[in-house]
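Since the structure comes first, as structure tokens, the remarks are kept for the end.
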Amino acid sequence: MAQKNTNDIIEVCGKIAKILLENGAETTRVESTVEYIGRAAGIQLKCHATMTAIFVNVKNAAGSLTHLEKPRVSSFNLQKVDEINTLSREFSSHKIEFDQLQSRVEAIDHQVIDFSWPQKILSAGLVSVAPMLLFKASWKDLLFAFFIGILGYLASQLAGRHSATPFLGAITGGLVISLIATSLKQAGIADSSSNIVISALMPLVPGVPLTNSLREIIERDIISGLVRGMDALMIAGSIGIGAIVGTFLANLLIGVL
Amino acid sequence: MELVLGFIFSFLSTLGFGVITNVPRRVLIPAGITGAFGWTVYLLTEPLTTSIILPNLLAALIIGLLGNINAVFIKVPVNLIYIPCLVSLVPGVVIYASLKDFTLGYYNAAGHNLIKTLTVALALDLGFAIAESLFKKCRHIISKNRIKRKGNL
């Protein structure tokens, strides 16, 4: 009976670590949360987390048990991080029992907690008006960036959803944005295509993952930091390639017309 | 005027990025205000220096301090406030430009921008590190005050 219980605990802990890591929590926080929950559940467990594998290990009289999870680098869903955090607080202050913890972790793993699409579309537009360019680009260009940013965000989300190829979303986003921006410039409507492209790319570029990856490296979680950083670099490269192809296509189209 | 507009637009930007990365609803407004203050500090310090390190470091310091205080009050992991706040400061566009130049074969410009990316990101992270160690020293003061106020109520 005790054996089965231990098995359950490390399995739930593995799942918690996976959800936290994939949705944007730092590696040290993941490890400490899992060890905290283990202590609250009454067993001494060790957790080793990197972006490529999570190990949860417990040593007891019956021997040594290890549970392995394989996380993937994916886009952030910080709401899940918050829910798991609340759950672990409630569990360690003994407000909820282990069975409840188990079923609620399961629920968080499967449930899609999300803002609605109209909210997301409006937000993508807001992010696309970069404060950096407020007095460098013309107001007209910023207005264009608002709408082109929305289109680029939607295109990259759609492409990412309907294809298993990683990075295709980023390529599509870059392509759509630079295609429209260059066409507008060539048609003489917009003032500067590069300002529009830079501003509209704000929701897509991997600046935040890159900064997070350096923070992990500073905290000496070098493997996680490198994996996240390399992923950010690949996304930036994909957007760059998409943008170049988009500009090329737009120039070609204008030439034909 | 520039400061006011900068404040408003970085607030909106932070709010928007918060929605895209799905932060809990109660985080949105505090994060937006924190991000807007960070950007204002960046705007204020940028004309004073030629280096790109100092403005980013100070902005991150402010975001770190305000973010940690907010995190205590609304009870969330502080990372959830950092991520949306960073959106207007992070070198996302620079790394995009660098990789684009790399693809086009302009290796000098690519290398220049890549190093700029790393510098800005490091400055931001150092700002956070300083803010966090400062906050650890003052943490007990804030929690003590909260307990006192609750006791009075």
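Heads up, the Cβ atoms here are built off N, Cα and C, so glycines get one too.
Automatic, uncurated: that is what TrEMBL annotation is.
Listed in TrEMBL:
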DOMAIN    A:12-249  domain 'Threonine/serine exporter-like N-terminal'
TRANSMEM  A:142-160  transmembrane segment
TRANSMEM  A:166-184  transmembrane segment
TRANSMEM  A:196-212  transmembrane segment
TRANSMEM  A:232-254  transmembrane segment
Leading contact stretch, A:142-160, A:196-212, A:232-254 vs the transmembrane segment (A:166-184) - CB distance under 8 Å: A:232-254
Beyond the flanks of the transmembrane segment (A:232-254) by 6 or more, those residues with Cβ under 8 Å of it: 167-168, 170-180, 182-183, 186-187, 193, 197, 201, 204-206, 209-210, 213
Same-chain residues near the transmembrane segment (A:196-212), Cβ under 8 Å, at least 6 residues beyond its ends: 24, 26, 124, 127-130, 133, 137, 141-142, 144-145, 148-149, 152-153, 156, 170, 173-174, 177-178, 181-182, 184-185, 190, 228-229, 231-233, 235-236, 239, 243
